[in-house]
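Pulled these features from Swiss-Prot for this protein:
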CARBOHYD  ASN29  N-linked glycosylation site
CARBOHYD  ASN54  N-linked glycosylation site
CARBOHYD  ASN182  N-linked glycosylation site
CARBOHYD  ASN183  N-linked glycosylation site
CARBOHYD  ASN305  N-linked glycosylation site
CARBOHYD  ASN488  N-linked glycosylation site
CARBOHYD  ASN497  N-linked glycosylation site
SIGNAL    1-18  signal peptide
TOPO_DOM  19-532  topological domain 'Extracellular'
TOPO_DOM  554-566  topological domain 'Cytoplasmic'
TRANSMEM  533-553  transmembrane segment
Amino acid sequence: MDIRPIIISLLISTCVQADRICVGYLSTNSTEKVDTLLENDVPVTSSIDLVETNHTGTYCSLDGISPVHLGDCSFEGWIVGNPACTSNFGIREWSYLIEDPSAPHGLCYPGELDNNGELRHLFSGIRSFSRTELIAPTSWGEVNDGATSACRDNTGTNSFYRNLVWFVKKGNSYPVISRTYNNTTGRDVLVMWGLHHPVSTDETKSLYVNSDPYTLVSTSSWSKKYKLETGVRPGYNGQRSWMKIYWVLMHPGESITFESNGGLLAPRYGYIIEEYGKGRIFQSPIRIARCNTRCQTSVGGINTNKTFQNIERNALGNCPKYIKSGQLKLATGLRNVPAISNRGLFGAIAGFIEGGWPGLINGWYGFQHQNEQGVGIAADKESTQKAIDQITTKINNIIDKMNGNYDSIRGEFSQVEQRINMLADRIDDAVTDVWSYNAKLLVLLENDKTLDMHDANVRNLHEQVRRTLKANAIDEGNGCFELLHKCNDSCMDTIRNGTYNHAEYAEESKLKRQEIEGIKLKSEDNVYKALSIYSCIASSVVLVGLILAFIMWACSSGNCRFNVCI
């Protein structure tokens, strides 16, 4: 009787009836992929893109403080007091300034604002100021206020810069005039003055009487004497002469003295700096909207918690670091190995080697079990939470590592300072390249660590179960354990939560192990006997065949003869 089918049936019956618990991890239908240092497009259950690419497309209030749009006035026209910009004179506070690159009202009289780029940079760090009169025009003595058709007010009347006074002769006299401004405000004060350079000596005499006038400006730390430079220059607004406007930031307690006998554009109004802070002067045609943002660029506001952005380098506020990469994905889940549908007797249950499970809820790692009550699955929340905490720490570490003190200054310089602009561009490009490379390398490294961490977590959970069960189960090597005793759902819970009582099931497990080992030994013995019988029969058949073949050969060659006697 062949006993092999009976042995196989017994083994199958043992496997089917055995209770089992498996350690595994989550698998999803996610299509997310990340890059690591060693691999590209690694499937993961979840990831986040660290680079923000969306913006509002508008100017917004920054942290609740509104910006100020200078309207038809340029920065220079506003700061010196172009009479066409009187609507801006009441400006006191802003989060940032917006300047139309093609604003028609700049310096109405031909000339320039000295160190314009530096003054713009200064105002990028000012959040509020107040306009105040420094020296009354009537206190200078026997001179008249000048006006020009180049600087008309809103009514079309000849006027001049509202923050300066252009003194010309009174009658046929222009005496030496002198005044001192003392800064007693307790704050920094912006003081402006200027010089008018006539077309010719004749024009100089007609305006100031003196043919070679001078202007002397002195403080406690420096003094400079200016002479008028006559000559015809390219002009506009009907003027061919030229004005140069200067400025200085006076600290509390400092004083400045002006002395002149012709050509002085004297200070009248200045600005008391009320509050310093980070600001910017943006130049773009986008509109102001009723919105709030944490980060503003010249193309729109950025409201995000992401670590990086690739919208614009010249950003203001609580902004993500600018990098050139359009996408940097950080793995926040596990390596996504699809579940294997055909897993023999245990169906969907499998270990960390074969693949993940699609049924885990509220967890990345967990257990599946099979017993008389059915099949169940449960997440291990503690190990999952630890992994989530580690990933949160990774994200925070990336933010901390990428925080720097570098700020772009590219947007603060006018066309005059082209060499500074070129240098600023090169510095910005170099720094951005470094930031972009560091960011990508950091994310690739963290992705490697994250995926390795998840593999280690599953193996640690597997080892924890193995130590808990000890000799009460057989480790199948694929993440599953065949229990050598009956284990209901309550028993399975104790294995999962670490309260399993090994001694309680030790005797039953010992007997079960002996039974299994006995069946295996008997099976092996029967197999050996069967093999011996088959070997003997096969050898006999071969021997008989050889003898018959020899006899037939001998007879056919005449060497063998049979005599039959009756």
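The backbone N, Cα and C atoms fix where each Cβ goes, and this holds for glycine too.
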On the three-state reduction of DSSP, what should I expect for ASN497 (N-linked glycosylation site)?
helix
With every protein chain in view, how many other Cβ atoms are within 10 Å of the Cβ of ASN54 (N-linked glycosylation site)?
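That number is 12.
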By a simple count, how many Cβ atoms lie within 10 Å of the Cβ of ASN183 (N-linked glycosylation site), its own Cβ left out?
20
Whole-number Å only: compute the distance from the Cα of ASN497 (N-linked glycosylation site) to the Cα of ASN488 (N-linked glycosylation site).
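So the alpha carbons of ASN497 (N-linked glycosylation site) and ASN488 (N-linked glycosylation site) sit roughly 15 Å from each other.
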At the Cα level, what's the spacing in Å between ASN182 (N-linked glycosylation site) and ASN29 (N-linked glycosylation site), rounded?
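Between the Cα atoms of ASN182 (N-linked glycosylation site) and ASN29 (N-linked glycosylation site), the distance comes to 74 Å.
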Non-local Cβ contacts of ASN305 (N-linked glycosylation site) (under 8 Å, 6 or more apart, same chain)?
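Non-local contacts for ASN305 (N-linked glycosylation site): none found.
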Just how many other Cβ atoms lie inside 10 Å of the Cβ on ASN488 (N-linked glycosylation site)?
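There are 12 such Cβ atoms around ASN488 (N-linked glycosylation site).
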If you count Cβ atoms within 10 Å of the Cβ of ASN29 (N-linked glycosylation site), leaving out that atom itself, what do you get?
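Cβ-Cβ neighbours of ASN29 (N-linked glycosylation site) within 10 Å number 8.
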Can you grab the distance from ASN488 (N-linked glycosylation site) over to ASN54 (N-linked glycosylation site)? Cα atoms, rounded to a whole Å.
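Counting only the Cα atoms, the answer is 53 Å.
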How many Å separate the Cα atoms of ASN54 (N-linked glycosylation site) and ASN29 (N-linked glycosylation site)?
27
Under DSSP, is ASN183 (N-linked glycosylation site) helix, strand or coil?
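Looking at the DSSP assignment, ASN183 (N-linked glycosylation site) belongs to neither helix nor strand, so coil.
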